[in-house]
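TrEMBL lists 130-195 with the feature domain 'HTH luxR-type'.
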Amino acid sequence: MVVDLESVTNRFDSATLAAQGVLADVAESAAPVAGRQQPDVVWFADRAECGAMPRIAEIRAIAPDCPALVVAGACGSRALAYLQAGVVGVADFGSDHRRLADIAHRVQGGGYYLDPDIAQVLAIRHVKRLLEPFSALSSREFDVFCMLAEGFALQDIAEQLGISRKTVSNCQTSLKLKLGLEDRSAMKKFAESHGLISAGSV
C-alpha cells in the first residue's frame, strides 16, 4: 500500500498491512515502479484546490495498475465525485489504525467503503431533493445549492458539474429566490438544518 501522508503511514498496523511508502516519495522517484512492488491500495488525501478527476489522474500516473483507491477528508459532493471517478473507498481522517487497516483490506479484496457520516448525508440528499422546499429546485440547482453550502467556489462547482460558471451563477441567483436565502452563510445554516451537509464540514 502507498499512502499520501506520513502521519497516516505511522497509524497503520505493520503486522497486518505493509505501507510501502509515501505517495510524494514515489512520485519523486525517477523510476517509481522499478524494484518496487505495485501497491494494492493507494490511500490519499482530498485536496480542495484540485478537482477529483485531476487528482485521480495524478494518482494513476504514479500507480497505474493499482486496483483500489481510498480518499480521506472529502466532503459529500467531492466524495460523490471521487466515487464517480473510480475511487472505491471514502474514509475519515479520524479513524484509528485498526479501522484504517480494515478499510484497506476491504477495498483490497474488491469491496467498497463509504464513511457512515458521508453515506448518511448523501442518502438524506437523495430524499430531501424530492421534498419541500427543495422540490422547487431543479436537479442542477439542488446540486449547486449543496456545493455552495459546502463552501465551493463558483468555478470549482462549474468544473465538477461540467457546466459553465455563468450557469452556476444563474443557478445561485434562482435558488436564492426560491429558498429565500440571501448569502452563503444562510445557505450553510439552512443546509445543516436539513441534514444536507455535516455540521462544521466547511
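Each residue's number is its place along the chain shown, starting with 1.
Placement of Cβ uses the backbone N, Cα and C atoms for every residue, glycine included.
Worth saying up front: this structure is predicted, and the values here are computed from it rather than measured.
The predicted model assigns the domain 'HTH luxR-type' (130-195) a mean pLDDT of 96.
Taking H, G and I as helix, E and B as strand and the rest as coil, DSSP gives the domain 'HTH luxR-type' (130-195) the counts 47 helix, 0 strand, 19 coil.
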